[in-house]
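One structure is given here, and the rest of the page talks about it.
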Amino acid sequence: MGHSRRPVGGEKKSRGFGRSKAAADVGDGRQAGKPQVKKAVFESTKKKEIGVSDLTLLSKISNEAINDNLKLRFEHDEIYTYIGHVLVSVNPFRDLGIYTDNVLESYRGKNRLEVPPHVFAVAESAYYNMKSYKDNQCVIISGESGAGKTEAAKRIMQYIASVSGGTDSSIQQIKEMVLATNPLLESFGNAKTLRNNNSSRFGKYLELEFNTNGEPVGANITNYLLEKSRVVGQITNERNFHIFYQFTKAAPQKYRDMFGIQQPQSYLYTSRSKCYDVPGIDDSAEFRDTVNAMNVIGMTESEQDNVFRMLAAILWIGNVQFAEDDSGNAAITDQSVVDFIAYLLEVDAAQVNKAFTIRVMETARGGRRGSIYEVPLNTVQALAVRDALAKAIYFNLFDWIVQRVNSSLAARGEIANSIGILDIYGFEIFEKNSFEQLCINYVNEKLQQIFIQLTLKAEQDEYAREQIQWTPIKYFDNKVVCSLIEDKRPPGVFAALNDACATAHADSGAADNTFVGRLNFLSQNPNFENRQGQFIVKHYAGDVSYAVTGMTDKNKDQLLKDLLNLVGSSGNQFVHTLFPEQVNQDDKRRPPTASDKIKASANDLVATLMKAQPSYIRTIKPNDNKAPREYNVGNVLHQIKYLGLQENVRIRRAGFAYRQTFDKFVERFYLLSPKTSYAGDYTWTGSAESGARQILKDTSIPAEEYQMGITKVFVKTPETLFALEAMRDRYWHNMAIRIQRAWRNYLRYRIECATRIQRFWRRTTGGLEFIKLRDQGHQLLNGRKERRRMSLLGSRRFLGDYIGVGNKGGPGEMVRNGAGISGSEDILFSCRGEVLVSKFGRSSKPAPRILVLTNRHIYIIAQNILNNQLVISSERTIPIGAIKAISASNLKDDWFSIVVGSAQEPDPLLSCVFKTELFTHLNNALRGQLNLKIADHIEYSKKPGKMATVKVVKDPAVTGDDTYKSSTIHTGAGEPASSVSKPTPRPKPVSARPVTKGKLLRPGGPGGGPSKLASRPTPAAQPLPRATPQPAAAQPAAPQPAARVVPQPVAAVAASHARTGSTASVRAPPPPPPAAAPAPKKPTAKALYDFNSQQPNELSIKAGEIVQIVSKEGNGWWLCMNMATSSQGWTPEAYLEEQVAPAPKPTPPPPPPAAPRSTPTPVNGAAAAAKAKPAPPAPPAKRPNMAGRKAVPAPPPAPRDSAVSMNSHDSSGGSGRGTPNSASNASLAGGLAEALRARQHAMQGKNDDDDDW
């Protein structure tokens, strides 16, 4: 992604998270030229959005709607949400795995709209804008304690350190030191609170400094509002600063010996709250990280020793205990503790005793030094002095650590720009709020004021710069609350507090009462309420009640001169470094109070932030229990209100919920317009602005829903953006469907091509094994037996299992189960046949049986009806090894016997139309050892051990099946014994069918070549023929329309037949103009017979039906179309009679002037003859010879059932299917005669053999 450029000669563009590209050519302020648009790609890893990722896109703007959206996203582990350029973060209280290096890299160089909301997106935007626009940046992180501010600050530092580049060793060292400041400052500045286990108890503004190349060259840290009161006291279940527990638990033995370090339970300052451990925090490991961070920033061992010396001194100072002496004054109970403190601070123990128990006071008169008094302290005052010394040491030690870090992070090159990260603990409301909460909340009020001013100002500036009309939104400006606290005139809370401290400085109780009196002057302020012992300030985050007690003492925030003199007398140079100020005994001016320091720090911070371009992160804590998946709706709703998220959304949505630069808008949505895209490529040649207009026009977005600025598109409502995004998603969906359709079509094409190749190959070679079996049958007979004509058909195949006994399911399985055929036996042959059955006292007769040959047995299976149920059983089972011979005749009959020679059973005499095939399979099963006896008779054992002979005679009277009578078989003449099967007939031509449909692939295939099928007749590709009318005699060149008949009275009609004289006739009217020639009608044909289609490309017709002729083929088939259903198919020409269109009647000439009387026509004359109905023409004698087609006529004599459907031809060469016999009729209709002549012509060029079926 290229860097953006600033507008030439113009003001800076508004920048936030998103990257804005300025116009490349600035003339009238609008973009010119074709934008550089990246090709759109489908986001394959894009997750389905949960709720809305930008709160400005909410349909309903309310605190509850914001809360519901945040809750929904939180429950789906989406903790980040935008409000325009503001990031809202909800603390998950667990590791979601979203800060890995891979995630970090996914945000490098990305616009915020290209990636989901994330703190890395804020860091990327800040770094990008600093590097591209040379503007200082700052990231303001706000929220209450435990909301995740510190974590967000660390992640920003992590991202910037990763992407800022720089291979120089000094730059890498700066990065390491910047990252090392986190564990160091967290140890000294963070603590466990009730709401957060790692709560920052100070404010930090980290300023990262960069050179012109965007490489870090230094950093600077400014700290604010350290909660030093935590050093001396904590409430139950809270802890002191982390460093005290790290040091007492994991200090090396050297420090334990030097500084007397013991466990945290031994010190008052670490044991008062009875909380020593924190879940999820290893103090020992954290101590090692702290020491390592000290080493990284370059802290020497001597400096580290002094730091830990001061920590030890603070811990031992807390163990100093006081008791009342006889005078009621404070007395130290354990002098050894004081002695050890003096050893640590390198001061005199007597001075420590005096500083803790005696206060030196000085009186002054008229500006002159007065008397000096030593005033003993009571135990309460002594404890206060003790705690004040501990707090002062730790406060100054923390400042020294920050300064030491800054000295190590000092810039090592020229500073061009900076990025500031403000991490300050947020708004606090406790049951009891004091001076610390007032200062914290005051600083947060100042930050909120900056946020409102800069956010609103940025919106107003952008609308003005883009020349957009908008309506200002009312919002709460908290400037009045800031003035209530910080103003001097009229005096605010801080001014009243300082005045009370100056007026009654000696007595803290009197000072507090004075402060309460001063607050009465603020009662007229609508944001303030004064109550007994406390006052209420109406902050932007809610009303907070502050307790007055002790507030003046905390505001004084100064050490007694006795304590300053004590540390000033130290022999340790490091102590002097912590307390560099020399005590001026003559200085009578009031030192600055804590409120003065807070006010000055806050104003300096505001001034620093106003010099930078801000980014905002608003953190939210979902619950007070630090539970990972708990979302407290009430608590979050309260935070939403005091963070002002609803007002922020309203300001951001001040008329427009979405805005984007022209080029980015076009890059995102150019797919939605056919004029700006083609096949996913950007095709618009105009400017980005015109492209954006075209997209909005083609997507039918109403003009009132958007405005075009100078460089941006402004969309009014979120629903419009949702619609655009939905259309974009739908585009990818549609493209995916197209690709899938094309791919599926291509797969179908491949499958169809493979199927056709396979079909052709199987048609060519697939039946070879069956043909080989058929040839083996010829060899087995060896010219010894006459053949039946049907056995010699070229299409005859020895398929074997005709009943399907070897199949799973169907009637074949029933036969197998009924006959008890073992599953281990292979079925070689099955067919229906007959067996000669001898009955006592009756002549033998054939009976139907089922013959099954396996690799082991021959089964003769009978089917009987028993109790109205079909019973299938094996009548006889003959092992093939027991067969001695097969006896058959030399004629064409189907009878044969299986010679077994059994002593118990006779030999079976069988009849089977597929006898030769049975012989062949049996011979193969016997490995060629079959003894086939062929003679003029058939031998078999009619009874066990008694041979009989059956004669076979040729009887010309037998034209059908063989007949058996009295041991003689009568059969007709057959084909010569030397006959062999005819060649396999060529299949009839079929209409070409395209390989694919839908125009996705050409009929010729992916290569685009012409299909070979195109040469075949295709119904859709044939031109429609035109009917040619028969010529009529004396037909005029241009036919005239018939004259319109006008009804006349009866008298007039009668008069027209009367004889008239030769008087002059009345002139006839002129004839009407000739009409246009009618369009030629399409040829039709009438069905003479019923025809039932047998193939998918044939058309069924009924006798008398009229069909339209599409094309005629010379092979006896016409392509016709059913005019009712528009279905097309092939129909036999012989079944149709073409309807000849009658010639149009010529226009009758005009009537003559005088018509002679006509002679009446006899009733029984020519007219009557013409009206006579002609005799119907005889149907054709024979259908065209078409193998494989079933005919409709009267059925032939029922053949013997062989379980095979075949087109049996009679011996006379007929089709085997009778058609109506032709009657001798001298006159045939013209259409039928023409059809018969065409058929005869077509048949003359072919051999009229019986193999073409």
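A Cβ is built for glycine as well, from the same backbone N, Cα and C atoms used for every other residue.
What Swiss-Prot records for this protein:
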{"type": "REGION", "residues": "1-40", "note": "region 'Disordered'"}
{"type": "DOMAIN", "residues": "50-729", "note": "domain 'Myosin motor'"}
{"type": "BINDING", "residues": "GLY143, GLU144, SER145, GLY146, ALA147, GLY148, LYS149, THR150", "note": "ATP binding site"}
{"type": "MOD_RES", "residues": "SER371", "note": "phosphoserine"}
{"type": "REGION", "residues": "418-500", "note": "region 'Actin-binding'"}
{"type": "DOMAIN", "residues": "733-753", "note": "domain 'IQ 1'"}
{"type": "DOMAIN", "residues": "754-779", "note": "domain 'IQ 2'"}
{"type": "DOMAIN", "residues": "787-977", "note": "domain 'TH1'"}
{"type": "REGION", "residues": "959-1083", "note": "region 'Disordered'"}
{"type": "COMPBIAS", "residues": "1068-1081", "note": "compositional bias 'Pro residues'"}
{"type": "DOMAIN", "residues": "1080-1141", "note": "domain 'SH3'"}
{"type": "REGION", "residues": "1139-1253", "note": "region 'Disordered'"}
{"type": "COMPBIAS", "residues": "1143-1155", "note": "compositional bias 'Pro residues'"}
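Here the features listed in Swiss-Prot are placed on the structure.
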| residue | record | CB count, 10 Å |
| --- | --- | --- |
| GLY143 | ATP binding site | 25 |
| GLU144 | ATP binding site | 24 |
| SER145 | ATP binding site | 21 |
| GLY146 | ATP binding site | 25 |
| ALA147 | ATP binding site | 26 |
| GLY148 | ATP binding site | 23 |
| LYS149 | ATP binding site | 28 |
| THR150 | ATP binding site | 24 |
| SER371 | phosphoserine | 9 |
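Counting only the Cα atoms, the space from SER145 (ATP binding site) to SER371 (phosphoserine) is about 50 angstrom.
For the domain 'IQ 1' (733-753), the DSSP-based tally of helix, strand and coil residues reads 21 helix, 0 strand, 0 coil. Below 8 angstroms of C-beta separation, residues 796-800, 916-917, 919-921, 923-924, 980-981, 984, 987, 995 of the same chain, each at least six residues beyond the ends of the domain 'IQ 2' (754-779), sit close to that stretch. With helix defined as DSSP H, G or I and strand as E or B, the region 'Actin-binding' (418-500) counts 47 helix, 7 strand, 29 coil. Averaged over the region 'Actin-binding' (418-500), the predicted model reaches a pLDDT of 85. Take the mean position of the Cβ atoms of GLY143, GLU144, SER145, GLY146, ALA147, GLY148, LYS149, THR150, the recorded ATP site; other residues of that chain with a Cβ within 8 Å of it are ASN91, ASN196, SER199, SER200, TYR425, GLY426, THR619, LYS621.
DSSP gives GLU144 (ATP binding site) a coil state; it is part of no helix or strand. Nearest by CA distance to SER371 (phosphoserine), out of the binding-site residues GLU144, ALA147, GLY148, LYS149, is GLU144. SER371 (phosphoserine) falls within a strand segment according to DSSP.
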